[in-house]
Amino acid sequence: MRGGRRLFPLLLLALLPGLCHGREPAPGAVTCGSVLKLLNTRHSVRLHSHEVKYGSGSGQQSVTGVEASDDANSYWRIRGKSDNSCQRGTPVKCGQAIRLTHVNTGKNLHTHHFPSPLSNNQEVSAFGDDGEGDDLDFWIVQCSGTYWEREDAVRFKHVGTEVFLSITGEQYGHPIRGQREVHGMPAANHHNYWKAMEGVFIKPSLDPAKHDEL
């Protein structure tokens, strides 16, 4: 028993660095301004983009799904339809329209009436410059409560074309071998659930320096 008592503080100290740096998911809402990765819960791949353009369809920057959890090209910033409609640190409401801006290229998650290259669903691309695109960059967060909670699986429904952000498992060959096609589907199903994963979550605070790193 005495040995157990001595070991407990040591175990707690070993866990503290991970807790302090937020490596374990903490409950709470996803907030405006947060930068995160999104996991498709059906296929266990993260939403991803890169400076590789589609060879067909729109020819815009491609959006894919990747298995790796540590790829920096899988970070997206949460923004409102306008900068004033989604103040930094404000929890995102279920039913709210947002933009997802790819951090490394500054382009927004986008869809339009082009066929996707592998499944012939609706193409999803990354579009715009420095976070500014057009009205086909808006997605409604569909969730069951008041706010988009980090631990919940949610859907993203496109405002302009009413498709859901989806993955059904088709894989690309060269030059992005093994990456999955991301596309829009008209029906809500198990292929279009997404969960917030790694990222920097801005806390609701008057102090913009405060954030919770995951």
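Counting starts with 1 at the first residue shown.
Quick reminder: no glycine exception, Cβ is built from N, Cα and C everywhere.
According to TrEMBL, the feature signal peptide maps to 1-22. Annotation comment: TrEMBL describes 27-81, 89-144, 145-199 as domain 'MIR'.
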Open item on the list: Based on DSSP, tally up the residues of the domain 'MIR' (89-144) by helix, strand and coil.
Closed with: 3 helix, 28 strand, 25 coil
Open item on the list: Give the mean pLDDT for the domain 'MIR' (89-144) on the 0 to 100 scale.
Closed with: 97
